[in-house]
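Written out below as structure tokens is the structure these notes cover.
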């Protein structure tokens, strides 16, 4: 019964992480807004910034990985390798989220020293979508940290319980 509960707990955690990464991916991909003032037209989209593209690619990789691991049989010998891949996915999410957060902060506040003006006043819907994608990405990251701890416990625990 305990093993079944652990298996279901891990499955629910993986499913939630998959959902959060997929949500971050979809919200970021659909972020686009066009604004016009005077004779100038401005279109903001995620492809304008390399950090946002990296965020999309990272969340796509994590989503595909999360989906595939959901179908891995519990008897598979690959579960020890899954722990390593969980760590890689956690690091990938961390780096992409931090890069996207830095760019989003500049978009929101600007940078007076560099002469960069904030754009969120002109394209608020775009900025709101970026914020939503970053929140979903942060949820995915937290879930992946928990998943990594869970995976480590599941793989290491049998070794600790063995009698010498």
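Placed from the backbone N, Cα and C atoms, the Cβ positions cover glycine too.
Judged by membrane topology as recorded in Swiss-Prot, residue 7 sits across the membrane from residue 106. Looking at 31-51, 52-72, the range annotated in Swiss-Prot as transmembrane segment turns out to be 52-72. Counting only same-chain residues 6+ beyond the ends of the transmembrane segment (81-101), those with a CB under 8 A from a CB of the stretch are 21, 28, 51-52, 54-55, 57-59, 61-62, 65-66, 69, 72, 130, 133-134, 137-138, 140-141, 144-145, 147-148, 151-152, 155. Residues 46, 52, 55-56, 59-60, 62-63, 66-67, 69-70, 93, 100, 129-130, 132-134, 136-137, 139-140, 143-144, 146-147, 150-151, 154 of the same chain lie 6 or more positions beyond the ends of the transmembrane segment (8-28) yet place their CB under 8 Å from a CB of it. Helix, strand and coil counts under DSSP for the topological domain 'Cytoplasmic' (73-80) come to 2 helix, 0 strand, 6 coil.
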